[in-house]
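Engineer: Please find one structure pasted underneath; my questions will follow.
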Amino acid sequence: MKPVIVVHGGAGRIFKEREEGSRAGVVRAALRGYGILKQGGSALDAVEEAVRSMEDDPHFNAGCGSVLNEKGEVEMDAIIMDGKNLDSGAVAAVKCIANPIKLARLVMEKTKHMLLTDHGARLFAQAMGVPETPEEKLITERSRERWRKNLEPDSNPEEFQKDLGTVGAVAIDCEGNVACATSTGGLSNKLIGRVGDTACIGSGGYADNRSGAASTTGHGESIMKVVLARLILYHVEQGMSPEMAADTALDYMKTRVGGLGGVIVVNSSGEWAARFSTKQMSWATVKDDQLHYGIYAGERHTKSVDEALTSESG
């Protein structure tokens, strides 16, 4: 099996001055994940590494760069899933963790549970020796500025939700195993304790070797209503291509509940798609040593992996 990785940096509106950083961030993440797959590594390791790379990048709403809740705090959600045996681990409303995706994987591998939240997730992180990161280190000036703006009496937080930036990755490895990973800081100025689609299995992500893997981004409450990731893979199981399955599910979400979003998909034979109903979504994929990436509908740049790695190290 030829390995494939696809990543997204969130669907919504990407402001002009942030486009370059978003493109560079998804490209870097895809190359890192693909590096693991190329050496015979697992899809699980590849998606975790790709998402970790974006959690560390302040351009995205995950890890460092997460948006703030109504009290001005960072609360993050993440999920990871292994298509081989349907094992999954997730964390919700976690604070002071640099890489929630790492903690989600520990939940999957070191507990009998699938989802830990808030205080319990923090205690588990301590037990696992995961270092705490001071909250200030996760908060960017941009997030703080947006939080302040949303507190103004005539503000419209809904307007600001459009620049979301949840991150995710899906992959298939040499052995034909698929995996997905998704991580987010959630909605700006959300209620304390609000958990969106990301940490919910079947909504924020799903992976099953029999069909493929999907990771979603967009308006969390809408995604949860239609269980978007699982819905896409259901369409794949019915014989649709990843692209058609993604478009059909996004269209259903839009007509049924008025929700917009984006998805990345890889099926069990290595075909992939990156589709969105929002204005933009940053995405990148590597297959057959070719890197493809874009932000706008219809935009697709292509480079060889060698060329991309050279400009990366440059």
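For all residues, glycine too, the Cβ spot is worked out from N, Cα and C.
Annotated active site, nucleophile per TrEMBL: T166, in sequence order. The substrate binding site annotation in TrEMBL covers R194, V195, G196, D197, T217, G218, H219, G220.
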Engineer: Distance check, please: Cα of G218 (substrate binding site) against Cα of the residue listed as 'active site, nucleophile', rounded to an integer number of angstrom.
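Structural biologist: The separation of the Cα atoms works out to 8 Å.
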Engineer: Just checking a number: largest C-alpha distance across R194, V195, G196, D197, T217, G218, H219, G220 for the substrate site, rounded to a whole Å.
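Structural biologist: Greatest Cα-Cα span of the listed binding residues: 16 Å.
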Engineer: Have a look at the binding-site residues (G196, G218, G220) and report the one with the fewest Cβ neighbours inside 10 Å.
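Structural biologist: Each of the binding-site residues G196, G218, G220 was scored by Cβ atoms within 10 Å; lowest is G196.
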Engineer: Looking at the binding-site residues V195, D197, which one has the fewest other Cβ atoms within 10 Å of its own Cβ?
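Structural biologist: Taking V195, D197 as the binding-site residues, the minimal 10 Å Cβ count falls on V195.
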